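Novice: Below: one structure in structure tokens.
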Amino acid sequence: MSTAVHIVRSVAALRAQVGAWRDEGLSVALVPTMGALHAGHLSLVKRGLELADRAVASVFVNPTQFGPNEDFARYPRQEELDAAALSSAGCHLLFAPDVAEMYPEGFATTVSVSGVSDGLCGAVRPGHFAGVATVVTKLLLQCLPDVALFGEKDYQQLAVIRRFARDLDIPVRIEGVPTLREDDGLAMSSRNAYMTPEQRAIAPWLIRALTGIADGLRAGAKAADLCPMAVSGLLKAGFDSVDYIEVRDAASLAPAEILDRPLRILAAARLGKTRLIDNIGVEP
């Protein structure tokens with residue numbers, strides 16, 4: 001039987017526990033989350049336990065990364081279920097601060113990353129990546145783990161985090177973990193719970209569109225021809241709108257046309273009120 005995860009709610013308590021582990025010579029992995037945990041999140045914890053002696057997960061629904069018309073109010077919050085899931089995954093510590101702990105009165109600092117945060121989700125969700133970068137910077141400095149783990153499903157987010165960690169000399173290894181998928185290929189996401197059964201049946205067309213573009217690139221086609229066809233296909237399949245489908249350089253996220261280097265195909269589309277994102281890599 002797994003031991004129940006220990007829960008702390010203050011930065012001081014988090015630092016005290018991590019400091020005690022450090023005194024024992026133990027290494028620490030951090031998995032930042034917004035809760036509503038699924039198997040994808042738990043795969044990050046399990047990978048963290050392969051890379052370090054102790055695993056810390058944070059659960060904080062970060063208000064600064066939601067736009068004014070987004071789903072902050074209805075984003076699922078289920079701490080008891082999350083704590084049970086983390087316990088079963090072998091996580092040692094859950095950091096679950098409230099908003100006042102993370103953003104005390106007078107808080108006035110924002111971390112913004114130019115370049116990799118431009119375009120894609122950055123164009124559709126202005127301010128989103130500044131909110132992500134600020135809260136993740138805080139979490140990394142609060143915990144100072146040896147390694148922090150993030151899912152590749154949020155590929156642009158991962159690129160933003162890698163960039164600011166490098167630029168700001170934050171001494172933490174940033175580890176990307178491959179996307180976990182449902183049996184029909186849909187990327188696991190806390191927001192999948194928003195979908196009706198009818199929408200859920202349409203959702204796998206997103207990964208099919210991405211794999212179709214990958215096949216086309218391998219056959220020598222250009223992104224400028226493939227991406228508009230994929231958008232049309234998603235709308236025909238029943239998606240309400242497509243924010244973007246783009247082919248980018250896997251490292252820099254600069255726009256790319258042909259398969260002459262490692263690329264990433266990224267998409268965001270909407271089914272009703274649910275916004276789905278996904279991406280896959282393709283190698284020459």
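Cβ coordinates are placed from backbone N, Cα and C, and glycine is handled just like the others.
Grabbed the feature section from Swiss-Prot, which reads as follows:
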type     : residues                      : note
BINDING  : 34-41, 151-154, L180, 188-191 : ATP binding site
ACT_SITE : H41                           : active site, proton donor
BINDING  : Q65, Q157                     : (R)-pantoate binding site
BINDING  : Q65                           : beta-alanine binding site
Novice: Do any residues at least six apart in sequence from S190 (ATP binding site), in the same chain, have a Cβ closer than 8 Å to its Cβ, and if so which, in order?
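Specialist: Counting only residues 6 or more apart in sequence, the Cβ neighbours of S190 (ATP binding site) under 8 Å are M34, G35, A36, L37, H38, Y75, P76.
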Novice: For Q157 ((R)-pantoate binding site) and H41 (active site, proton donor), determine the Cα separation and express it in whole Å.
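Specialist: So the Cα of H41 (active site, proton donor) lies 15 Å away from that of Q157 ((R)-pantoate binding site).
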Novice: So for G40 (ATP binding site), how many other CB atoms are inside 10 Å of its CB?
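Specialist: Other Cβ atoms found within 10 Å: 20.
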Novice: Just give me the nearest neighbour of H41 (active site, proton donor) among the binding-site residues Q65, E152, L180, Cα to Cα.
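Specialist: Checking each of Q65, E152, L180 against H41 (active site, proton donor), the shortest Cα distance is to L180.
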Novice: Measuring Cα to Cα, tell me the gap between E152 (ATP binding site) and Q65 ((R)-pantoate binding site) in whole angstrom.
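Specialist: So the Cα of Q65 ((R)-pantoate binding site) lies 18 Å away from that of E152 (ATP binding site).
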Novice: Express the distance between the Cα positions of G40 (ATP binding site) and Q65 ((R)-pantoate binding site) as a whole number of Å.
Specialist: 21
Novice: With every protein chain in view, how many other Cβ atoms are within 10 Å of the Cβ of Q65 ((R)-pantoate binding site)?
Specialist: 21
Novice: Inside 10 Å of the Cβ of Q157 ((R)-pantoate binding site), count up the other Cβ atoms and send me the figure.
Specialist: 23
Novice: Please identify which of M34, L37, L180 has the densest Cβ environment, defined as other Cβ atoms within 10 Å, among these binding-site residues.
Specialist: L37
Novice: Would you count the other CB atoms within 10 A of the CB of E152 (ATP binding site), including those on all shown protein chains?
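Specialist: Summing over all protein chains shown, E152 (ATP binding site) has 18 other Cβ atoms within 10 Å.
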Novice: How big is the gap, in Å, between the Cα of Q65 ((R)-pantoate binding site) and that of L180 (ATP binding site), rounded to a whole number?
Specialist: 23
